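K.L.:
Once you've had a glance at the structure underneath, I'll fire off some questions.
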Amino acid sequence: MKAGSRSGVGTFLLQRCRHKSLFRLAPGLRNCRGNPNCLVGIGEHVWLGEIDENSFHNIDDPNSERRKKNAFVGLTNLGATCYVNTFLQMWFLNLELRQALYLCPSTCSEYLTGEGIPEDKDYEPQTICEHLQYLFALLQNSKRRYIDPSGFVKALGLDTGQQQDAQEFSKLFMSLLEDTLSKQKNPDVRNIVQKQFCGEYAYVTVCNQCGRESKLVSKFYELELNIQGHKQLTDCITEFLKEEKLEGDNRYFCETCQSKQNATRKIRLLSLPCTLNLQLMRFVFDRQTGHKKKLNTYIGFSELLDMEPFMEQRNGVYVYELSAVLIHRGVSAYSGHYIAHVKDPQTGEWYKFNDEDIEKMEGKKLQLGIEEDLAEPSKSQTRKPKCGKGTHCSRNAYMLVYRLQTREKSPTVEVPAFLQELVERDNCKFEEWCNEMAEMRKQSVARGKIKHEEVKELYKRLPAEAGSPYEFISLDWLQKWLDESTPPKPIDNAACLCSHGKLHPDKISIMKRISEYVADFFYRRYGGGPRLTVKALCKDCVVERCRILRLKNQLNEDYKTVTNLLKITVKGNDGFWVGKASLRSWRQLALEQLNEQDDDTEHSNGKMNGDTQNKDESNEDKREEEEELNFNEDIVCPHGDLCISENERRVVSKEAWKKLKQYFPKAPEFPNNKECCSQCKILEREGEENEALHKMMASEQKASLQNLFHDKCRPCLGSWPQETDELYIVSQFFVEEWRKFVRRPTRCSPVSSVGNSALLCPHGGLMFTYASMTKEDSKLIALIWPSEWEMIQKLFVVDHVIKIIRTLADDTNPESALYDSEPKLCPECREGLLCQQQRDLREYTQATIYIHKVVDNKKVMKEAAPELNVSSSEAEEEREENKPEGEQDPDFNQTNGGTKRQKVSHQNYVTYQKQGIRRSTRHRKVRGEKALLVSANQTLKELKIQIMHAFSVAPFDQNLSINGKILSDDTATLGNLGVIPESVILLKADEPIADYAAMDDVMQVCMPEEGFKGTGLLGH
């Protein structure tokens, strides 16, 4: 190394940064990353000056999880269980229901015997009633801001990740609760669901002829009100009770008239419950899409609802007060969020229950607030109607709950002693957790104060004074040391070392120079290494770095010099061979190589802490780089010598080669007088001789078998030729491969053997019957005249002779002929082949089928589409011949398309049928058809989704059939339904869909809806 280089590095290490003082409290100052002496802006501002104690920890105040005074307790959303939480809060505020549940005796033996609650055992409710009891007790007296309902949800078997129909959940759970409580002895408990929620109405049918009135009384737990076309709740109730005419095919059979008569039918309300649940049918079935959709229309409702006008007997008090509004946020029926506005029956104040968060409304008034502004606006969106005092309107409310107005005070509900003991135990756990968190915060603050003093003291002594010993440490580690959120790890300087085990010069920019005193403290406290002192800088890497920089600066000048030298004609044997491709790109190659060397030296020993490169990725990159040709390797033959093609190389002068060698010292060198590779010359001569031989073979074979080559005058088993009693058989695959060779003898390999073993089973028997060879298997074989067979035996190696022999029982009657084969048919293997073919047709992973849309029950035939240009099989075959090897017809998917040949010998004989099919025999699409890629294990439901995209026909409107068989089971697989590759499925649409955008919800439901199937709500 020159002295100047060494002193230059020293000057770099001693340069000052632009920051005058280390202790300027300015968080916005940025660090001079290229300067190892700059120690400002590395995170020190957090520790200098006064510090807030809260910055020493990342633990939230445990008191933020504490229930506020006179506030309700929230419920944790377990994923998609907000719909459950809203109903739990609403039922909790039904004081009569809560009181009845508290009276329900527990089945737990520890409580029944009076022994108390074991200290070492957690309480586990056994029944739905016990789960509700415990939940309600916690909601009433817990000290937590919110509680976890996972035990209740798990007991019901609900999927926490799937949002369900809230209205269906309400009905099913009420039914389950009623059934569970019906076993109780206490009538106040047993009948609570009926008393609170159950009313009666009657279906009344009146005969128009005789006036006979029949009445069917039924119980209800909620009234399901249609909201389409209505603006007010009272209009929805009126429609629910309106009279319906039974006429025509829908006439009513009158018992008095003993015949079908026109009649009227309506619903009459007989009695109403204390709690009236009104379900607004926002989620309706859309016939076009086959799925639910949400109606985002405004419905007005009042806080007082007089039901007397709707009752059959109007002599009672039927004034109801609004007590709860259940809201669904979102425009889709398959997504969104559920919240509840519920009135406290004891104070009359309204609260918004949103999972963990509960908000009290001001002034004892219901305030729906922003809930009505969350639906996405659309062009057809109506404006929100004006609401008077005591009335509200909502486009997101899906359930309204009214309570019968009464002057009686709401009952005071006390938590039973055993439940209160459980709540107090949970409260004790909560207090312990709060104390534990507070103690952790306290300890973190204490550690932070110690660290604060330590950092302030060490940071003062961090800079290395002039002339004092110093060491290098990574900036990354220093920043982690100053980061209060992460405890520092041991110092690891390995990533900053070069291949010689010393400090890499390019790593100095991400290192900091610190005093030896502070370095000693760091290594004593945190450990690690290796230590990088002033002698750690690598001299060899500095020299190499200077060489690369010098070559980079010199490259442009050398490029001009080499360009001029290449214009000079080289005389004699003084030059060198260089590849033309290498010469065209030598500057780019040189620059890339210098950059790679630069990167190699920079990354010679990994990266900084926490930024290590994936070994597999780096190895893969290296392999890819090795596969690329280096300079002058484009004229190296496979044997490592000079290639024989002079078109790919040229001679350059000694001076030009010397310049190039500076950049490519390892490039292969070939003097002008160097002989070409002798092995390549021999191979070239042999190749020319082989081409001539192949042309001669092809010409001879074509002349000997002209009719076979041109596919003319071919015998047919269906109409046996009279001039012979025997025909020979070869595989069609052999014939096609032979024709390819004859057409292009220089490109294709010659066919040496007939390969008839592919047509035989492992036992040597024939795989095809005479009947199948006249029909479906005819495409796998080629019939040969006896004269042609003699020539084939001379030209090719014949492994097995296969022939069909005709025997005439009566010489005058050709129809009396008997046909036999040599060798004989193997019945067992033939049966196995057929079974395997059937399995293959039903176990495909990717195949093309065709969907044909039927218009007026008539299928569009080829003749109805004269504009379709259907090419002949010969033209198609010629196009297949011209395709590059390995390229497949996109309309013809077979798993063996890329393979040359598969033998039908031993275990693989059954696969022969797949690889010999002529592509020109495939199904041709006609107008009204579309091709789809399917697999055998996909369901009919999934196929209908594909058809919906292709034809814009909703799954519900699709009528599918194949070969006259209706496809109706959406859960069945295509393989089980008999859909095989190349099948044509007929599609008849019930109705055209005008608005394809209306099917957005369909794509949100890829799997069939299962609702509450398999849950505890249905008794599972």
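Note that the numbers count up from 1, one per residue, in the order the chain is shown.
Backbone N, Cα and C define each Cβ position, glycine as well.
Note that the structure is predicted; figures quoted are calculated from it, not measured.
Below, the features straight out of TrEMBL:
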{"type": "DOMAIN", "residues": "73-405", "note": "domain 'USP'"}
{"type": "DOMAIN", "residues": "443-538", "note": "domain 'DUSP'"}
{"type": "REGION", "residues": "595-629", "note": "region 'Disordered'"}
{"type": "COMPBIAS", "residues": "613-622", "note": "compositional bias 'Basic and acidic residues'"}
{"type": "DOMAIN", "residues": "696-809", "note": "domain 'DUSP'"}
{"type": "REGION", "residues": "865-908", "note": "region 'Disordered'"}
{"type": "COMPBIAS", "residues": "891-908", "note": "compositional bias 'Polar residues'"}
{"type": "DOMAIN", "residues": "934-987", "note": "domain 'Ubiquitin-like'"}
K.L.:
Over the domain 'DUSP' (443-538), work out the mean pLDDT and round it to an integer.
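P.N.:
Across the residues of the domain 'DUSP' (443-538) the model's pLDDT averages 83 on the 0 to 100 scale.
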K.L.:
Taking helix as H, G and I and strand as E and B in DSSP, count the residues of the domain 'DUSP' (696-809) in helix, strand and coil.
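P.N.:
Taking the domain 'DUSP' (696-809) as a whole: 50 helix, 20 strand, 44 coil.
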K.L.:
Per DSSP, what is the residue count of the domain 'Ubiquitin-like' (934-987) in each of helix, strand and coil?
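P.N.:
Final tally across the stretch: 15 helix, 15 strand, 24 coil.
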K.L.:
Going by DSSP assignments with H, G and I as helix and E and B as strand, what are the residue counts for the domain 'DUSP' (443-538)?
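P.N.:
Taking each residue of the domain 'DUSP' (443-538) in turn, the totals are 49 helix, 20 strand, 27 coil.
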